[in-house]
Amino acid sequence: MDAKLSPEQGLNISGIALASLLAVGLGTTAFFLDSMANRLPWQSMSLTLPLLLCAMGSGVVGFWVIPLLQALKTGQIIREDGPQAHLKKAGTPTMGGIFFIPVGVIIACILSNFATDVLAVSALTTSYGFIGWLDDWQILRRKSNKGISPRTKLALQVGFAAVFCLWLMFNQPSNITNIALPWVSFTLPLGFLFWPLAGFVLVAESNATNLTDGIDGLAAGTVAIALLALGALIAPTAPGLMVFCAALSGGCLGFLAHNRNPARVFMGDTGSLALGGALAAVALLTNTLVALFILSGIFFVETLSVMAQVSYYKATKGPDGKGKRLFKMAPLHHHLELTGWSELQVVGVFYVIAAILAAICLA
């Protein structure tokens, strides 16, 4: 695709229309998948009911919480060296994860009859949301883009990941350390090596979704697609976690009603870290790491763009202390913006890619 695509060319759609298309698409998909699996869409153990309940619940709660966030002066601090179009977003409330993550988690626990697996994943999700909240709060308190130190954030992420892995170790079958490879009848026995991999996946996935949250509606929409697909994939073997995935996907859709372009609220690290942790925890618990890797394609590309940018800059640094850049700005979505894409073009194309990746996993 031509990187110099102008905002007036190609995708010409409003933020509310794009969000509505996604909501209708995911709702229809959930209904279709339930019907194909002989699940009644209005049953608690389905994809459709949790999706719709949480979409409506988080959407309604947002109308109450957003004015409260505004009153508490939780306005986002915008980087001056970022895309100039983002400067007008200064003051938009952040920390929106505090309302849609709890809605998804609570409804998932209720509909699943407080299944042990759902409670464990909910605890991990909430814990990562707490890390994000600490970071968001420090940024707001200091009125800068510096939250808690990277070392502190990483230590907390690793710590909560270790607790979750210990729970897995003592409460799940020993064959959880065997990685199933889809499309072939083969499993990869990792043994003890599974546990450092599990910790890495939890930390990496949460940070990857965090990096993707840089444009109105981008993270909420792409994660909603990934969660629904993951829920559909694990439905036959883990119905409780299917409900959890559908509920959190619905929570993202309800949040998207307020976060679509132009956004009235941002999810902040409170939301993005929690969502990444949720995806990783479900995948570890259901032996779907390969599917997670595919579903998270956008998040990983965004992360790789940052890693490549930093590495190349350091490798080409001259005597003046300045290096060269591979991208105009990282992550990738900001590079596309600076080459002429509008926010809605980036979001629309990323939604389509996320949907294609989901279809590949469900094929």
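Cβ atoms are placed via backbone N, Cα and C, with glycine included.
Look at Swiss-Prot and you will find 13-33 (among others) tagged as transmembrane segment, backed by sequence analysis. Listed as Cβ neighbours of the transmembrane segment (13-33) (distance under 8 Å, sequence separation of 6 or more from its ends, same chain) are residues 41, 46-48, 51-52, 55, 216-217, 221, 224-225, 228, 232, 235, 246, 249, 253, 256-257, 260-262, 344, 347-348, 351, 355.
Taken from Swiss-Prot, the feature transmembrane segment applies to 49-69 (among others), supported by sequence analysis. Within the chain, the transmembrane segment (49-69) has long-range Cβ neighbours (under 8 A, six or more residues past its boundaries) at 23, 26-27, 30, 41-43, 93-96, 98-100, 103-104, 107-108, 111, 228, 243-244, 246-251, 253-255, 257-258, 264-265.
Per Swiss-Prot, the feature transmembrane segment maps to 95-115 (among others); the stated evidence is sequence analysis.
What Swiss-Prot records for 119-139 (among others) is transmembrane segment, and it gives sequence analysis as the kind of evidence.
Positions annotated as transmembrane segment by Swiss-Prot, on the basis of sequence analysis: 154-174 (among others).
Using a Cβ-Cβ cut-off under 8 Å and counting only residues 6 or more beyond its ends in the same chain, the transmembrane segment (183-203) has close neighbours at 124, 154, 157-158, 160-162, 164-165, 168-169, 176-177, 277, 280-281, 283-284, 289, 292. Marked as transmembrane segment by Swiss-Prot on the basis of sequence analysis: 183-203 (among others).
The transmembrane segment annotation in Swiss-Prot covers 224-244 (among others).
Annotated transmembrane segment per Swiss-Prot: 281-301 (among others), in sequence order.
Here Swiss-Prot flags 343-363 (among others) as transmembrane segment.
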How about long-range neighbours of the transmembrane segment (224-244): same chain, 6 or more residues beyond its ends, C-beta under 8 Å? 22, 26, 29-30, 33, 37, 39, 44-47, 50-51, 104, 108, 111-113, 115, 117-118, 121-122, 250, 252-253, 256, 275, 278-279, 282-283, 285-286, 288, 291-292, 295-296, 351, 354-355, 357-358, 361-362
